[in-house]
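> Straight from TrEMBL, here's the annotation block:
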TRANSMEM  62-81  transmembrane segment
TRANSMEM  88-110  transmembrane segment
TRANSMEM  147-172  transmembrane segment
TRANSMEM  184-205  transmembrane segment
TRANSMEM  217-238  transmembrane segment
Amino acid sequence: MEVVIQKDKVSSKIEKEVGSLPVHYGWFFSKLQGPSADPTNPEVVLEASREGGSEWEMMKSVVYGGLAESITSLGIITSAAPGDLSTLNIVTLALANLVGGLFIIAHNLWDLKHDHSKVPASDDVTEEQVLLEVERYEEVLGNRRHFVLHAFVSILSFLVFGLVPPVVYGFSFRDERNDNNKDLKLAAVAAASVVCIALLSFAKAYTQKRSKYIKTVSYYVVVGFGVSGASYLAGLFINKMMKKLGWFEPTTHAITMSLDEMSWSSWQ
């Protein structure tokens, strides 16, 4: 009789602890049995938050592939716009950079897969959890066994969000008779890129279970504006300096020689 009473007390205590946790954690612990499923153990809570979270891993992969590339692609467009380049040349430059970036992100993913270094866990489940450490791959993307899925989603996100600035620049405010709508095109690219950066930074804050959504989104939006502004000013300054110095410009002597050759060939 005494054993039964003690058992009931322990069961009620466990139910009370589980009930104080969020709904998804409570459901998880209700399915577990044995002493290793102690809901007061921060390691168990951390493991529970990471098990079966394929949608979280997908979101992490989208953020990993798209966030940095959105800012980079925006910077490429804004740096090329001040020059005497046509829309076709600017779009071609951005797309060529995107193709080159595929090799970089593939290399980074491969290095991350073989990186077994430990980093502090960022999931704010319990106060004690700040003392826990996880592998860097798990913190950035999730379960290492899902590497193929993570790589596919990251590269797809890299391409999709990297294509936004050149596609918007190429197809917005199109006027075949006038290719000087660069200011309007840049405004459209900036607006589209800010939306992408804000969405991806919000997803980054969400996957880290942070409540500082406004701070995270503001940080990456400011970084995007800073990169685009610095790139635009750098492109404008370098373009004016090159024109002033006369570098990479055809000389008068070269033009005269080419005209003489054309005249001589016409007589033959």
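Residue positions begin at 1 at the first shown residue.
For all residues, glycine too, the Cβ spot is worked out from N, Cα and C.
Thinking about packing and proximity, how do these listed features fit into the structure?
Long-range contacts of the transmembrane segment (147-172) within the same chain: residues 57-58, 60-67, 69-70, 72-74, 76-77, 81, 87-88, 90-91, 94-95, 98, 101-102, 105-106, 109, 113, 141, 184-186, 188-189, 192-193, 196, 200, each at least 6 residues beyond the stretch ends and with a Cβ under 8 Å from a Cβ of the stretch.
Sequence-distant contacts of the transmembrane segment (184-205) (same chain, at least 6 residues past either end, Cβ-Cβ under 8 Å): 59, 62-63, 66-67, 70-71, 73-74, 77-78, 81, 87, 161, 164-165, 168-169, 172-173, 212-213, 216-217, 219-221, 224-225, 228, 232.
Within its own chain, the transmembrane segment (217-238) has Cβ neighbours under 8 Å at 67, 70-72, 74-76, 78-83, 186, 190, 193-194, 197-198, 200-202, 204-205, counting only residues six or more beyond its boundaries.
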